[in-house]
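Working notes, structure below.
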Amino acid sequence: MATVLPASTAEAIAKAAVLIEALPWLQRYHGAIAVVKFGGNAMVSPELTRAFAEDMVFLRHAGLKPVVVHGGGPQISARLTELGIASEFRGGYRVTTPEAMTVVREVLRGEVNAELVDSINEHGDFAIGLSGEDSSLFTGRKRGAVVDGETVDLGLVGDVVAVDPHAVHAAIEAGLIPVISSIAPDGDTPGQVLNVNADAAASALAVALKADKFLILTDVAGLYSDWPNRDSLVSVISADELRELLPSLESGMIPKMTACLEAVDGGVFNAAIIDGRLEHSILLEVFTRQGIGTQIVANETNSNPSIEDES
Ligand SMILES: Nc1ncnc2c1ncn2[C@@H]1O[C@H](COP(=O)(O)OP(=O)(O)O)[C@@H](O)[C@H]1O
Ligand SMILES: CC(=O)N[C@@H](CCC(=O)OP(=O)(O)O)C(=O)O
């Protein structure tokens, strides 16, 4: 005779099944460095920031070593508007005057970084705030952009051309979660700092740390191969397939997909872009069979890098 379980017991068994489903991933990622890029758009909601902080602390307790690189585009724009400082984007980058750079630095370091550190530290003393200016973490070089075939001067905007990750390693070894602002000292002009796109800064750091995972949170479900056709969501794409698709992408996705490609080309095992509007999307991506968002994998791994595929 079949036993009929009380509803509460069936519910408890289902919860246990969810926990046990995470076991292979807990084993696979034990001690792994996961670089997570948190965008300013996700931070406009206190609930999402709170859930993000919980996820970082969860990863840390689950045996991973999370490292956060954050943006703050909307927060910078809001402050510039308040101060009456004009700001425009060209080719996906903010044209940054010296006056705007002072604001970018203040907002990223003093506001966004501090808020993220505080949110994580509500769960214990885990987070430590850093910027690319600290301990020679990033070295930047000015860059321009090509818009409609013409090179545009972006002002104090740069790429990260060198990373010295010793301070980040020291923080990780101390059991801390580094939270890093995307600002870089200009390697060519001492005393000058550059505004770096946060996706690019996160990718450079993931490569330098030899991270196993690189996650970018954004405000869509993932990469669409035929944007804005909602039926074209890509769940897995190889580095070469992405290289081919990249020239056809529109502005918002270009820095993100370039960052993912550079990470995978640089040796990061698995990069993914996931929906930061979904609370706890990071936990779904890291610990569940379905995964979510779009995974970018090295060419030899032409499928979802699940536990089975690695054996
Ligand atoms: N192929 C594509 N797939 C998904 N999103 C795309 C694509 N092309 C352009 N986008 C746009 O890119 C946006 C994400 O970039 P962005 O707004 O810079 O994000 P964030 O604020 O998270 O850094 C999406 O909201 C979408 O409007
Ligand atoms: C050069 C450049 O454009 N820098 C970005 C840095 C912040 C960023 O990248 O923030 P999100 O990740 O929230 O977009 C900016 O000034 O907005």
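Placement of Cβ uses the backbone N, Cα and C atoms for every residue, glycine included.
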- If TrEMBL gives G72, G73, N195 as binding substrate, which of R50, R94, R230 does it give for that site as well? R94
- Item | Candidates K37, K256: member of the recorded sites with the richest Cβ shell (10 Å) | K37
- Note on the structure: For substrate, residues beyond G72, G73, R94, N195 with C-beta within 8 angstroms of the site's Cβ centre include exactly G40, G71, I76, S77, T96, V104, L108, S182, N197, A198
- Using only the residues recorded as binding substrate (G72, G73, R94, N195), report the maximum Cα-Cα distance in Å, whole number please. 12
- Taking the Cα atoms as reference points, how far is R94 (substrate binding site) from K37 (site 'Transition state stabilizer') in Å? 18
- Can you tell me the three-state DSSP label for G72 (substrate binding site)? coil
- Which recorded positions from the list K37, N195, K256 come close to ligand 2, meaning a Cβ under 6 Å from one of its atoms? N195
